[in-house]
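The structure appears below as structure tokens.
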Amino acid sequence: MSILVAGLTLVSAFLITFLLMPSLIRYFRAKKEGQQIREEGPTWHEKKAGTPTMGGLLFILSAALTCGWVGAWQGQLNGTLGALLFTLIAYGLIGMWDDSIKIFNHQNEGFKPWQKFLAQVVGAMVFAVIYQHEGFQMGFGLTDWGWFYALFIIFWMVGFSNAVNLTDGLDGLVTGLATISFAAYLVLALVQGQTEVALFCLAMIGTLLGFFPFNHKPAKIFMGDMGSLALGASLAAVALVLHHEWSLLIIGIVYVLETLSVILQVAYFRRTGKRLFKMTPIHHTFEMMGWSEWKIDGVFWLVGLIAGALTVATILFLG
């Protein structure tokens, strides 16, 4: 991939999101439709109620359009890019469905958990079919895991889409983390010569950078489940296509720790009737300790950056 193509991809995705996001914000404000705050969430987040959400709508469209025109120009509209774009859009639609219920019904819960889970599983199954149809080699350095690998794909994609969704609780947190995560995979894709994956990662980085000025504290718009579910599933898909599945556990260490904090909190409370942490996901515990959102964001971004750099360096060193 030439510097010109990379630059145009990055700038195109950035500009589409950055220039059109103000119009989307004005539209949602005019409709007086905004984020509903969970009753069990931090009381100090109540002031965020009414903030426009579903910002993921625009940054998903921006990334898809950019991948489309650059891919057509470079002759890279193939199964690999198609699988990644399908994942981004499919999980975005799942999140859009969930967000719409919350917004237009003026409630803090979307559709039922089993409905969301089923939709996520179906999306992952379709990706698995595309994955197999396109003849991608199985991961883990093995030749054929058969149905087990298909089940792993579903588990990985559903798991990380929900992990990123749980992490999206502070202004700008997931936007910054996802940018770092896609940057790490961009390096791996370029080293492996996977230009379609590199194109996708560049488009995602560009669109997230365009979204960040409107999403950092104080956020003018949230990405919503539409954005967070799409980002998590897309990261899982990229890791799968690059055959570095397990790398996401480290590159996405913050998502993993946020999810583990929720699992441990629930398990500990059921066993003892007491809370292990002040509040989960764990970023809320740091808030209750007096940390500002900017401080939490900065520390978590640094952790993500170090984890991403170490993972990439290790993979490149080991060959």
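These residue numbers are counts, starting from 1, taken along the chain as shown.
The backbone N, Cα and C atoms fix where each Cβ goes, glycine too.
Features of the protein shown, as given by Swiss-Prot:
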- 1-21: transmembrane segment (TRANSMEM)
- 53-73: transmembrane segment (TRANSMEM)
- 77-97: transmembrane segment (TRANSMEM)
- 117-137: transmembrane segment (TRANSMEM)
- 140-160: transmembrane segment (TRANSMEM)
- 172-192: transmembrane segment (TRANSMEM)
- 195-215: transmembrane segment (TRANSMEM)
- 221-241: transmembrane segment (TRANSMEM)
- 249-269: transmembrane segment (TRANSMEM)
- 298-318: transmembrane segment (TRANSMEM)
Most Cβ pairs under 8 Å with the transmembrane segment (77-97), selected from 1-21, 195-215, 221-241, 249-269, 298-318: 221-241
Contact call for the transmembrane segment (172-192) against the transmembrane segment (249-269), three or more Cβ pairs under 8 Å: yes
Stretch of maximal Cβ-Cβ contact with the transmembrane segment (53-73) [cut-off: under 8 Å; candidates 1-21, 117-137, 195-215, 298-318]: 195-215
Long-range environment of the transmembrane segment (221-241) - Cβ separation under 8 angstroms, sequence gap at least 6: 21, 24-25, 28, 35, 51-57, 59-60, 80, 83-84, 87-96, 98-99, 110, 120, 123-124, 127, 131, 136, 139, 153, 156-165, 167-168, 174-175, 178, 181-182, 185, 189, 194, 197, 200-201, 204, 211, 214-215, 247-248, 251-252, 255
